[in-house]
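What follows is a single structure, written as structure tokens, with notes after it.
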Amino acid sequence: MEAHQHSPDSSSEECTVLEAPPGKNTCPQHAGKVAEMYCSACECALCEDCMSDHEEHPKVPLSQALEQHRSSLQERLGIVQNRLPQISDALSFVKEILQQLSNQRTSIEEDIQSSFEDLHKQLDVRKSVLLMELEIFWDSLIRGEGDITATCTQTEEALAGEACVASLQAERELAERLAELAGLGLPCQPEENDQLDLVMETDGLRKSIHNLGTIVTTSAVASQSEAMGAGLEQCIVGHPASVTIVTRDKSGGACKSGNAILSAEVFTPDGSIVDGEIVDHKNGTYEFVYTVPKEGNFALALRLYDQHIKGSPFKLTGAKRRGKSPGQKKKGSKRASSALGTPRRKTQNPIEDDLIFRIGTKGRNKGEFTNLQGVAASSTGRILIADSNNQCVQIFSNEGEFKSRFGVRGRSPGQLQRPTGVAVHPSGDIIIADYDNKWVSIFSCEGKFKAKLGSGRLMGPKGVSVDQNGHVIVVDNKACTVFIFQLTGKLITKFGSRGNGDKQFAGPHFAAVNKNNEIIVTDFHNHSVKVFTPEGELVLKFGSNGEGNGQFNAPTGVAVDVNGNIIVADWGNSRIQVQYGSFLSYINTSADPLYGPQGLALTSDGHVVVADSGNHCFKVYRYLQ
């Protein structure tokens with residue numbers, strides 16, 4: 001074996017220079033040289049030959065610089081990955097909006113087609129009318145000559161034939177007709193002129209057609225739009241108050257056109273809504289004028305495309321106009337209870353149950369809610385929430401784990417516009433009261449649409465339940481009536497009307513059914529709970545307006561346990577009461593106070609679940625039966 005020899009030209013100095021393996025820490029300026037340092041100022045790797053050019057620059061070992069760069073890169077990667085769920089949710093929201101726009105586009109296309117088809121039909125009808133008028137006019141001109149000529153021709157044909165008994169009657173009729181014609185005083189000069197024209201004023205119609213129809217849209221978004229004016233804080237009882245709404249685009253720029261879909265609602269302490277009027281100034285600004293009927297605390301909700309604008313809902317104070325009197329002392333007033341205030345803690349005879357968990361925040365994503373209302377619990381361990389302003393139903397396990405959601409906003413069968421009530425049929429079907437669509441939708445347990453019922457009968461279905469026979473109980477908030485349907489949609493019976501009588505309602509909300517198949521209804525504005533037979537006969541009524549034991553300030557959700565105890569969500573007092581004709585106790589909610597509770601149900605494992613609408617979540621409490 002030959003010994004390794006150096007090249008004759010090699011020197012000992014050259015042999016000591018380190019050469020980097022190809023592609024690893026190689027100096028970018030000097031091929032084959034190892035980069036061991038890093039210039040922080042120039043952000044480049046340095047070998048020995050580079051050092052002289054960077055003597056005064058700050059330098060660190062290359063390994064340290066690489067480690068720092070990797071660490072920084074890893075940190076940035078983590079930041080971006082943490083944002084991925086938000087971006088994904090945002091994309092989902094955008095896809096929902098795109099789907100809604102696509103549905104609206106399809107609807108508009110259909111409207112355009114049908115509108116122009118109708119106009120086409122109207123034009124065809126008008127064309128037929130004009131042609132008919134022309135024909136009638138022409139017939140009137142030539143009718144005299146035609147009658148004489150035709151009668152003469154018929155007579156000549158009769159005379160040319162053989163005389164017989166059979167032709168005698170016909171000839172007698174021709175003779176009478178000829179006598180009439182001979183006796184006519186026909187003028188020898190024409191009584192008509194030769195003018196026959198068509199006047200068709202099409203210029204105005206063409207201009208109207210040119211401007212017919214407008215595709216309306218706006219760049220206004222709720223998150224940037226704002227309200228201003230004295231009516232946002234205080235209002236005088238009986239006097240109009242005004243609020244100005246300025247719509248803005250996504251960049252905060254003021255919109256210059258109107259036609260945005262804006263809604264305004266003023267909620268009174270008892271849960272009713274104050275009437276008001278929205279004026280579109282057609283320049284991107286709107287004015288809402290309202291008048292409060294009495295003193296108290298109110299809430300003003302301003303929504304643009306079903307989304308609250310900046311600061312909404314606003315807290316208002318209604319006060320009487322007071323004059324100053326010398327020496328007059330200001331009397332103290334008792335603060336009215338309101339779902340918008342923090343409830344006072346009830347300590348008398350509470351059930352010592354604890355909050356198990358709460359689920360939800362305000363939003364449009366999974367596990368987030370906007371004005372959740374109805375609640376149902378299935379025998380299979382599921383909790384169903386009617387997420388009203390998000391136009392969907394969300395489903396969770398009894399432990400609060402999100403399972404699924406379904407619902408597409410719209411006004412066609414199978415779509416949801418404002419779901420307020422939800423129930424589960426023994427068959428597993430999910431029954432949803434759609435307040436704005438004025439019908440009840442039936443979906444499979446997987447969320448597939450099956451049918452609707454009550455269309456044309458219902459005015460504002462709020463709550464739904466199912467009785468022992470599998471019939472669907474519908475509480476119509478607007479009609480103040482309880483309807484009972486078969487699952488096929490056939491109406492079995494109905495009872496109730498507007499009023500404050502025993503068999504009347506004032507804004508009823510939800511219903512439950514006990515083991516006797518009796519229907520329990522919360523009568524919101526009458527501050528009471530009523531129990532009826534399936535035929536609508538009153539069995540029991542309890543409750544009055546107030547804050548005491550057994551009193552209500554607008555009851556909403558209701559459920560019944562296996563012992564027949566009735567559990568009621570007391571909306572205005574922000575609490576849950578348990579009653580059996582008379583007051584029994586409270587559910588202890590003081591650890592995490594409720595804020596305007598709505599729907600309520602008992603889970604399959606015996607807990608109380610309630611829609612805490614004001615806090616945009618639902619809560620589950622232990623319940624000792």
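Heads up, the Cβ atoms here are built off N, Cα and C, so glycines get one too.
All TrEMBL annotations are machine predictions without curation.
Here TrEMBL flags 1-22 (among others) as region 'Disordered'.
Annotated domain 'B box-type' per TrEMBL: 22-62, in sequence order. Per-residue pLDDT, averaged along the domain 'B box-type' (22-62), amounts to 85 for this model.
Annotation comment: TrEMBL describes 217-318 as repeat 'Filamin'.
Under the heading region 'Disordered', TrEMBL lists 315-354 (among others).
Sequence annotations record features per position, and here TrEMBL assigns compositional bias 'Basic residues' to 318-334.
Taking H, G and I as helix, E and B as strand and the rest as coil, DSSP gives the repeat 'NHL' (356-399) the counts 3 helix, 24 strand, 17 coil. As annotated by TrEMBL, repeat 'NHL' applies to 356-399 (among others).
Taken from TrEMBL, the feature repeat 'NHL' covers 403-446 (among others).
Here TrEMBL flags 447-488 (among others) as repeat 'NHL'. Among residues of the same chain six or more beyond the repeat 'NHL' (447-488), those with a C-beta under 8 A of the stretch's C-beta atoms are 374, 393, 404-407, 413-414, 420-427, 429-435, 438-441, 494-499, 504-513, 515, 517, 519, 521-522, 524, 532, 534, 536, 599.
Within the chain carrying the repeat 'NHL' (492-535), a Cβ under 8 angstroms from the stretch's Cβ atoms is held by residues 270-272, 374, 421, 462-469, 471, 473, 475-477, 479-486, 541-546, 551-560, 562, 564, 566, 568-569, 571, 579, 598-600, all 6 or more beyond its ends. The repeat 'NHL' annotation in TrEMBL covers 492-535 (among others).
If you look up TrEMBL, you'll see 539-578 (among others) marked as repeat 'NHL'.
Here the repeat 'NHL' (581-624) is broken down by DSSP into helix, strand and coil counts: 3 helix, 21 strand, 20 coil. Sequence annotations record features per position, and here TrEMBL assigns repeat 'NHL' to 581-624 (among others).
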Positions whose Cβ lies under 8 angstroms from the repeat 'NHL' (403-446), at least six residues beyond its ends:
96, 99-100, 103, 366, 373-380, 382, 384-397, 452-455, 458-466, 470, 472, 474-475, 477, 485, 487, 510, 599
Tally of DSSP helical, extended and coil residues in the repeat 'NHL' (492-535):
0 helix, 22 strand, 22 coil
